[in-house]
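Okay, structure first, notes after.
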Amino acid sequence: MNFDVLAIFQIAGIGFIAAMIHTLLKQSGKEEYAHWATLVGFIIVLFMILRLLGDLFQEIKTTFLFQ
Amino acid sequence: MEIIQIVGLGLVAAALVLVLREQKPMFAFLLAAFTGLFIFLYVVGKIDAVLNVLEQLADRSGIPSIYLKTILKIIGIAYIAEFGSQIVRDAGQESIASKIEFAGKILILVLAVPIISVIVETVLGLLPVGS
């Protein structure tokens, strides 16, 4: 359980850092780079969630006799 | 005292979501989805023991195992559909969420058809023939 709890803080941290980078890039006039940075952060978090989602579906399949 | 851990986790995650929503709503949504997934995954592992007991009871009372399997599948479908629709509803897509629930209902109905037909056949067998 411990590692995955850390993942929650990781996601929140990635969100904050992405917001910060977005603001910085926007203020220095690089609007399009800001959007790309946000998108990359989003995709990283999305992959973390997809892995957990795969685990969950596998668990439900084995628990509820879906095979 | 796992419930304390889970409640604490939920509270912390909710606070983080609230702060994060101001900056980036996307990440707030992902964080909420992740927390829900995590708690769900944590609890699903516990159901295993209960299901084993249920299986033993069904074995002992001589119920055909196909019925129990169908019921367990229905429960699984209900959990997954509920979970998915709530996450999608969190994202603000009410119509997609209701379609997911609809699909869950249909799939449950499809799984229940053999049991319904058995019930109908039993009732027909109880009726006096020819009257």
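Quick reminder: no glycine exception, Cβ is built from N, Cα and C everywhere.
TrEMBL entries are annotated by machine, without manual review.
Features as listed in TrEMBL:
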- B:6-21: transmembrane segment (TRANSMEM)
- B:28-45: transmembrane segment (TRANSMEM)
- B:65-85: transmembrane segment (TRANSMEM)
- B:106-127: transmembrane segment (TRANSMEM)
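Here the listed stretches are B:28-45, B:65-85, B:106-127, and the one with the most C-beta pairs under 8 angstroms to the transmembrane segment (B:6-21) is B:28-45. For the transmembrane segment (B:65-85), same-chain residues at least 6 beyond its ends with a Cβ under 8 Å from one of its own Cβ atoms are 36, 40, 44, 51, 54-55, 58-59, 97-98, 100-101, 103-105, 107-108, 111-112, 114-115.
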